[in-house]
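Listed in TrEMBL:
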- B:Glu55, B:Glu85, B:His88, B:Glu177: Fe cation 1 binding site (BINDING)
- B:Glu85, B:Glu141, B:Glu177: Fe cation 2 binding site (BINDING)
- B:109-130: transmembrane segment (TRANSMEM)
Amino acid sequence: MIFGIKEKSIILTNFDVLFAIATNIHVRLKTGFVLQVAVQGTVSLQCSNVRRGFHRAALLRLASDSKSDTSVPPPSYHEVHTAGESSSSSAQGESSEDAQPNTSFQDQSGEHGEDYETEEQLQARILTAALEFVPQHGWTVEAIAAAAETLGLSSASTGMFNNGAGDLVLHFVAQCNAQLAETLAEQNNQVQLGQAEAKKTAEFLKDAVETRLRMLIPYIDTWPQAMSILLLPHNIPDSLKHLSTMVDDIWYYAGDRSTDVNWYTRRAALTGIYNTTELVMVQDSSPDFEETWAFLDNRIKDVVNMANTAKQVQATGEAVVQGLMGAAITLKNLTGMNQRR
Amino acid sequence: MQRAAKCALRLDLSRAFCLSRSGTVVVMQKSLPPPRDEEEKAMLDSMLRVDHAGEYGANRIYAGQMAVLSRTRTGPLIQYMWDQEKMHLEKFNEILGEHRVRPTLLLPLWNIAGFALGMILTRIACLLAFEGTMSCTVAVEESISEHYNSQIQTLMEAEPERYTELLQVIKEFCDDEKKNRDTGLEHDAESVPGYLLLKTVIQVDCKAAIYILQRI
């Protein structure tokens, strides 16, 4: 079946029945908005494969126009003529060719484009764009769809995201953490070069957590929704991983090189501080979140106090033990038990 | 994908410096190459974690032994071996801090278990035969050298050029442990009746410990 659609819009229909044939679909959007769909035929009776292949096809590969001419696949491509007769005949005939829509689509385009972006890169681009629509649509698939449309893609490209809103929130969290790591590394660099003073641990932690939480300010109204998405069971492993990476980064740049149980207690303490401060922040209505920063300050002071107290207790305990041992030896001497006879 | 890139970024940035607690900057030489991907990082992490926990445990075992033997004639020898283990532990502490490897969660348990093992086994050996006080040492050192050997094999099979420095460190430690074991053997460690039983118990313990440590 040869399609020539000379319209400005792309018509997406349900291909369950008709497009059991199609596997490889190349979409080139020429300047005159002529859409040509070239179908390379192998029978794939899996509808999901087809739908996904078509979704992929419906996404514009944002290669340049000049590249679109070279993106024609090599002469092995041919047009399948009718759905009916080819559905059975091409099953046997072309079964030797690729049966996977995804990989062969990418393979063929990978041959031709140096600036072909991977699916992951495309997903990242869509999600980054979707962040702009979050205040309007919330952390939902609608935001992703709106972003896809601004990028010139079809809103059906949200099908790429199996986790929907979860993907969006996790992408945002990962982005913020990467930004934080960069900032901390930059500051560390400056201290190393002697251009800045090294901060004390408490101050460093406070600044790092504040920097990270400030990244939430543009989305603070919808952040409770995001937090609840992160708490969904299938998102918990990923969100915990992001959280632990972030806390590890902060402690590393704060200078923690401990290799004993302190490694765990410090990170646990900072995780607690971060989570509670985040919760305070979402219901804080003071100007520029002053109350949140005050809360953060107090919590960090608490932790530092506790650490100091623990050290003092340990020192006192050791002194007491030594005192007791001394008393025991004195007693043994007095009673003569220490003599070797 | 992002995590691997971040890993590489973090390690590259920490390549030339690390910040010590007092705020001064220390330049450290890296003994590991920055990991290529998640898998390699996971493998190296678990190897280093096990090694670190092993040295920590050995440290505590020697402490336990010294608690029993410090006033006997093998005391100074055990003290010497203990000091060597302390050096090994320091080196691993450095490597762990440098490469942001998580230490094992079981360290407090290791603390107590190692000390208890050293003390109890030495007392048993003492009861059986005074010369056999080194038997515990010999058994432990043998298990540890075996473990290091298998790690060296793994690294060599993977890519020897990539891990030259780490291989050097491990080989050095392995040789130290072998030397300690030979010293122990010279001191008639094997003359303890039930030495084989002791050795088997310790070897099984070590294998179980390594298995657990690789995961936790």
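Just so it is clear, glycine is given a Cβ too, placed from its N, Cα and C backbone atoms.
It should be emphasised that the depicted structure is a prediction, and the values quoted were computed from it without experimental measurement.
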Euclidean distance between Cα atoms of B:Glu141 (Fe cation 2 binding site) and B:Glu177 (Fe cation 1 binding site), Å: 6
Largest tally of Cβ atoms lying within 10 Å of a Cβ, found at which of the binding-site residues B:Glu85, B:His88: B:Glu85
Other CB atoms, at most 10 A from the CB of B:Glu55 (Fe cation 1 binding site): 22
Rounded to the nearest Å - Cα separation of B:Glu141 (Fe cation 2 binding site) and B:Glu85 (Fe cation 1 binding site): 11
Fe cation 1 site shell beyond B:Glu55, B:Glu85, B:His88, B:Glu177, criterion: Cβ within 8 Å of Cβ centroid: B:Gly54, B:Ala58, B:Asn59, B:Gln84, B:Met87, B:Leu89, B:Ile144, B:Phe173, B:Asp176
Local Cβ density at B:Glu177 (Fe cation 1 binding site) - other Cβ atoms counted within 10 Å: 27
